[in-house]
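So that you can see what the record holds, here are the features copied from TrEMBL:
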- H151, H215, H286, H491: Fe cation binding site (BINDING)
Amino acid sequence: GQLPTWLQGILLRNGPGMHTIGDSKYNHWFDGLALLHSFTFKNGEVYYRSKYLRSDTYNCNIEANRIVVSEFGTMAYPDPCKNIFAKAFSYLSHTIPEFTDNCLINIMKAGDDFYATGETNFIRKINPETLETLEKVDYNKYVAVNVATSHPHYDSDGNVLNMGTSIVDKGKTKYLLFKIPSSVPEQEKKKSCFKHLEVVCSIPSRSLLHPSYYHSFGITENYIIFIEQPFRLDIVKMATAYIRGVSWASCLAFNKDDKTWFHFIDRKTKKEVPTKFYTDAMVFFHHINAYEEDGHIIFDIIAYTDNSLYDMFYLKNLGKDFEENVKLTSIPTCKRFVVPLQCDKDAVVDSNLVTLPSTATAVKEKDGNIYCQPEILCEGIELPRINYDYNGKKYKYVFATQVQWSPVPTKIAKFNTQTKEMLHWGQDDCWPSEPVFVPSPDAKEEDDGVVLTCVVKTDPKDPPFLLVLDAKTFTELGRATVNVEMHMDLHGMFIPQQAMKTETE
């Protein structure tokens, strides 16, 4: 095919790549050692390269020829030959575990630099052109967090906004929103932007020992949206997991009889909106987008009625017949919540406070809490992406993978949130990855641009390829076939040519 001449830059992807080291195997697909891969677009040609992230975790495991660093779903143990004192000490030191730097989920831009990210306090700087692994950054040196999300937001000035959980710090467990500036003052050019990291605000956890798990958060022009779901980590269980010989994943539990609480933080005052908003129990990983309209916050997420998704990806479930054997017990559902922030204090109890045209409701209860029910936009999509120029603004289009009852995507979709129309791209025996939208330089409309996705074939003999679609029509513009074994990946980003700082600079 033909690629648009303006498409110049690098699509950078990240995901688990190695699941066996020596005679040891990881238990879970999300535990595998991070494999970075990139597609470089240059004058109508596409160049591919891939490289394992040379994390400390990778180096220790390769050197020992077995898994020696614990991941979320796999607990690793030190050399069994060590004496009893060393053993006792290592049990104690695992109480607050030294987390892995196997950053396998996403890519983040901070300042002029790019980082591979996971969900621990470590991120790894990488060179986007060579995929070389550079220094390790510990968030904990700059902000008291033990875990952080892999889905940060970027504001109009290029600052990074992210969230992390501070576990039982000074007797409190809280969620922290922090900001990494995009540039440092001229006189401090040698310093990293992390030295200027600031905590924007903190939200106390509803429970000291059971903080909520979250994978992403939402943002509008004036507010940050944080959802505290009843899918929680048990800190006491985590602290004893090593001694009990179980993985940290077993310390995560979903309580279906609990509520899901919405927190809205005013970006100007850095204070939380005092009204309490909640909905029924749900599990969700991905926010799609959010915006404000006539005193309401509207936010779209992909939610499940249980936590079966994580369990699907245990490697014991991913055998050759897994598409038949592994079935989601809850299909991903795209939900739109409409939350009236400016609601009348004297509103009647049991009245719906939503005044916008929507089937979503927000009902005032006797105690002043507001119970929200969503509008269902569609079902069966995951790994959502948008045109990021519309992040936090009213928007139309979601680009996503399409999943039915199996957790592996078979198609990609373009969904119009206003008309509910859906376009698809799919071919037999193809598993596409998260679609990334790249706007054209002179874009007039939200969907002017292309969609990029890496497609893995179900038959290992068929080579994988990078697919380029016209984002408007969803027709294929071209594909670049890669004659290597490629893995399913998780997330990534497109770096336009002009955003790359060259070595000479």
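Cβ atoms here come from the backbone N, Cα and C positions, even for glycine.
Curation does not apply to TrEMBL; its annotations are automatic.
Within 8 Å of the centroid defined by the CB atoms of H151, H215, H286, H491, the record's Fe cation site, lie the Cβ atoms of I105, N106, T149, S150, S216, F285, H287, excluding the listed residues themselves. A simple way to gauge crowding: the CB of H151 (Fe cation binding site) has 21 other CB atoms within 10 angstroms, across all the protein chains here. In this structure, H215 is the one among the binding-site residues H215, H286, H491 with the smallest number of other Cβ atoms inside 10 Å of its Cβ.
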